[in-house]
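**Student:** Let me give you the structure first, and then I'll get to my questions.
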Amino acid sequence: MSRNKVTLLHYVSSFLLAVVSVNSSTTPLVGVHPLDEKYFESDIIRCKDGSKSFPKDRLNDNFCDCLDGTDEPGTSACPNGKFYCRNIGSSPKFVYSSRVNDRICDCCDGSDEYESSISCPNTCVMGGNVNYIYKPRTGRKSIDRQLGSATTDPNSSITIANLQDMVKNLQGMKLVFALQFVLIGFLVILWMLRRRVRSSKRRRYLLKSVHPNRSAN
């Protein structure tokens, strides 16, 4: 393999690793509202009640450090925590953290049972709640009203959170298309280099056949 090919492979592999790292860094946190994602980007995060701070590696580690549940938005470790259901295609809402991985589907997208032994079907596109499949809860309307749920209005399915999730999905699709274009360009460059090497070899062979004495000297 020529030196140009090795250099080209090095640059392409570096670019692909950079794209993958950017894509993985934009993965949404479990149970976190899109508007709160920047709050958890720093290495040292402060509890929203101001009581204490904790390192980022303690986020969603299934141990309650903050009394208000700031450090455990995606687990049931904190009794005062709230889990955010994105419910893309339906209405997003908050549920109590105690309902996370409790074998009952509270979010229509099933995100609250991400480590549960049951598999929740995604019924958000149908605008329905799948609680009736397993076990309906009593007094759900009053609880959702306390948590600021938007499920009381079926006509308000398009919200700011849904739009933000759609934008992130489009950004992910752009990354996939960019990777495809890079791979296609890489294959074209390899083909051109290979063709150039073949043409140069053929030219040398023709020169040797036309001027055998010169090549011998």
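Backbone N, Cα and C define each Cβ position, glycine as well.
Sequence annotations record features per position, and here TrEMBL assigns signal peptide to 1-24. The domain 'Glucosidase II beta subunit N-terminal' feature in TrEMBL is assigned to 16-125. Look at TrEMBL and you will find 175-193 tagged as transmembrane segment.
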**Student:** Could you give me the DSSP helix, strand and coil counts for the domain 'Glucosidase II beta subunit N-terminal' (16-125)?
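**Tutor:** Its residues divide into 28 helix, 14 strand, 68 coil.
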**Student:** Taking all residues of the domain 'Glucosidase II beta subunit N-terminal' (16-125) together, what is their mean pLDDT?
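**Tutor:** The predicted confidence over the domain 'Glucosidase II beta subunit N-terminal' (16-125), as a mean pLDDT, is 87.
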